[in-house]
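Presented below is the structure to which this report refers.
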């Protein structure tokens with residue numbers, strides 16, 4: 001019997017080499033194999049061990065280097081924060097001159113809460129130092145003067161556990177339920193967006209063609225469109241906005257552009273008027289309107305413009321704020337949706353932002369607005385044909401505007417007002433997520449704060465005014481319930497209420513009243529999940545997930561204050577401050593479009609629509625210097641920061657509560673309070689709008 005073949009190649013490749021093996025073959029198939037270690041084997045093992053030790057050392061050194069880099073980054077951030085505290089809070093340098101602060105009721109309430117928190121922290125530290133926490137509280141058998149502090153402390157604990165804690169726990173449970181309801185609403189919206197993506201749902205015009213069968217008048221298939229650009233002292237952005245709108249791809253005889261200027265600055269009015277005259281000389285059908293009396297702000301401006309006699313022959317109106325730049329095909333992608341759809345009143349398009357990566361503040365705004373358009377507006381548009389008009393980058397059917405009562409000056413959210421009234425009349429809306437209009441985000445916290453105040457006080461004013469009309473409207477009860485409970489109460493009232501109350505009031509209170517508890521999943525897990533859902537529509541913003549969560553809680557004080565102001569008709573509810581712009585919006589794109597346009601022969605014939613009066617304006621174009629040149633000639637002004645007192649008080653309050661949580665060994669609560677307090681401190685010192693790479 002022949003011996004079995006033994007393949008040593010496979011065996012050699014699988015085994016670890018340990019010296020030189022010696023193989024002995026025998027005639028008998030019952031062979032045996034003996035491996036003999038070479039004299040060098042122990043030396044090679046030692047060498048391998050030394051090599052592995054070196055690799056491990058390098059890995060540890062690499063990890064130590066990364067840890068050191070992280071520590072250095074954190075330390076540099078702490079030093080910047082401390083330097084800002086010293087410079088602005090202690091020395092008062094680099095601060096903008098502020099008006100005398102109006103200390104409202106909310107400010108006084110936060111101040112009182114902070115004083116109480118500091119006193120309680122001192123009491124709790126003293127109690128821990130005297131070991132009162134480590135024994136069962138009881139009244140002393142005999143009263144002595146030296147026992148008075150202990151008696152007072154035991155009395156406080158009894159009162160706290162018997163009266164304060166139950167009330168606080170009920171308020172906590174109520175806010176948790178509101179939080180859960182709002183979270184469910186957010187999850188349902190997100191699932192609706194996922195369904196839309198999965199099914200590929202999007203509005204499609206019934207008849208997308210705008211071509212006319214009339215050979216003598218080929219442009220008659222294009223409806224008459226009025227384009228309005230309301231502005232007020234928009235010196236930084238007027239030129240690029242007018243330029244973009246004047247280059248819309250639409251027959252000249254079928255479009256009229258109204259520049260509605262409410263500017264109070266004489267030089268700004270002159271510059272805007274000159275820009276309009278320049279495009280008029282190029283054959284664009286454009287008119288300049290200026291109001292001496294700025295009654296009703298933006299709503300009054302557009303209401304006045306719609307009363308012109310020549311507006312009657314136009315079928316649709318497109319609205320663009322002063323910093324918006326539509327693409328040339330904007331009208332061709334929106335207006336066809338109105339054809340063969342007589343119930344359609346509004347086509348709203350999405351905003352895109354040219355400066356979303358400018359600083360941390362713009363990055364966080366981009367997260368919020370991306371979710372608003374991608375999820376809220378798109379889902380509501382697909383499933384219920386209703387959403388709040390965003391005030392710009394949209395096209396209205398003029399008949400719908402007139403039947404709904406036109407622009408009213410009763411609130412600071414005239415766009416939401418007209419949308420609600422149109423929906424109550426039975427009109428439908430469409431949101432186009434794939435049509436985007438370029439615009440600019442506020443780059444300073446002051447501008448963003450004023451904008452958010454207007455956006456959150458106005459809906460509460462509107463709800464007070466529209467509630468009787470909603471009840472009486474001839475629409476289904478499902479639509480009424482959606483408008484009252486979801487559109488107004490849940491998303492405009494409950495959201496800012498529980499955000500501020502739960503994370504800025506109740507959470508610090510539970511540190512000083514430990515008998516009332518706030519679960520960890522409310523503090524950490526659910527907010528983290530909601531933040532992840534918000535960031536998904538803008539996936540590049542995932543590195544800013546934690547700052548976004550903290551900043552949203554920080555902004556809750558502004559939103560809560562605005563909501564209360566609008567709900568109870570306080571004086572600040574009617575404030576209207578134009579959001580400050582910087583003029584960054586795609587200057588290169590506008591110049592490129594303008595250059596391409598200049599190669600075409602200019603049609604200097606004027607329209608017969610009643611705007612020939614513009615020729616009588618005494619405007620000299622040649623000596624004008626663009627604002628950008630003026631700004632370049634002037635020395636750059638040093639940025640002045642502001643101090644936000646409510647945010648600073650809440651910062652100190654949360655940091656005090658964080659110190660108290662250390663005495664109770666509440667880990668996650670401590671970290672949340674610490675980072676949230678630092679977030680309030682950064683915002684209060686006006687550091688959130690600083691440039692970041």
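Heads up, the Cβ atoms here are built off N, Cα and C, so glycines get one too.
Keep in mind that what you see is a predicted model, and the values were worked out from it rather than measured.
According to TrEMBL, the protein carries these features:
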- 64-85: transmembrane segment (TRANSMEM)
- 106-130: transmembrane segment (TRANSMEM)
- 176-196: transmembrane segment (TRANSMEM)
- 317-523: domain 'Glycosyltransferase 2-like' (DOMAIN)
- 484-512: transmembrane segment (TRANSMEM)
- 518-536: transmembrane segment (TRANSMEM)
- 647-663: transmembrane segment (TRANSMEM)
Feature contact check the transmembrane segment (647-663) with the transmembrane segment (176-196), CB under 8 Å, 3 or more pairs: no
So which residues does the transmembrane segment (647-663) touch in its own chain, when a touch means Cβ under 8 Å and the partner is 6 or more beyond its ends? 89, 107, 110-111, 113-114, 117-118, 120-121, 124-125, 128, 133, 504, 507-508, 511-512, 554, 557, 669-670, 673-674, 676-681, 683-685
Across the domain 'Glycosyltransferase 2-like' (317-523), the model's average pLDDT, rounded to a whole number, is 95
